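Heads up, the thing below is written out as structure tokens.
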Amino acid sequence: MIALITIPVAGSFAQTPKKKVIPVKKPATQAATAADIKEGEALMMKSDCFACHKVDVKLVGPAYKDVAKKYPATAANYTILAKKILAGGSGVWGQIPMAAHPQITQADATKMVKYILSLK
Ligand code: HEC
């Protein structure tokens, strides 16, 4: 027990006493919030997504509205599609492959998917 006692050094306990704030730690795959959707769209604007996709019409890749029709907005689909964005690939909508996006994080890709699947 004695080993656990530390002498408070000036400043080390300066923070306000901890209130009972329960952190809302939601895994990235849970229900889409309005903030997630907005951020997802903003991330896609900064990336190359709209070079190959449009919301309403098929371009190189499927229209995002068609993607939203095919996949219900579930946690499982967020994960599957986020992985697809990272890894790229073909065969679901045709033979043209989607480029891989190794620079995007799974968390950001999940927000992008939340935006896409909100387009009904
Ligand atoms: C080089 C063109 C290209 C770019 C850039 C691109 N896509 Fe795609 N995307 C495609 C093609 C082609 C498909 C269809 C792939 C298939 O048939 O499996 C696709 C499919 C998808 C799908 C559906 C995947 C499935 O398995 O049903 C999603 C979601 C998607 N893209 C999101 C994105 C996002 C988000 C970005 C930006 C980070 C992006 N795409 C950038 C061409 C592209």
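Note: Cβ is positioned from N, Cα and C throughout, glycine not excepted.
Going by TrEMBL, these are the annotated features:
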type: DOMAIN; residues: 35-120; note: domain 'Cytochrome c'
type: BINDING; residues: Cys49, His53, Met98; note: heme c binding site
Rounding to the nearest whole angstrom, report the longest C-alpha distance spanning Cys49, His53, Met98, listed for heme c. 10
Please list the DSSP helix, strand and coil residue counts for the domain 'Cytochrome c' (35-120). 48 helix, 2 strand, 36 coil
For the domain 'Cytochrome c' (35-120), what's the mean pLDDT in this predicted model? 97
Apart from Cys49, His53, Met98, which residues in this chain have a Cβ no more than 8 Å from the mean position of the Cβ atoms of those residues at the heme c site? Asp48, Phe50, Ala51, Cys52, Val60, Gly61, Ile85
Other CB atoms within 10 A, centred on His53 (heme c binding site): 20
Under 8 Å by Cβ from Cys49 (heme c binding site), counting only residues of that chain that are 6 or more apart: Met112
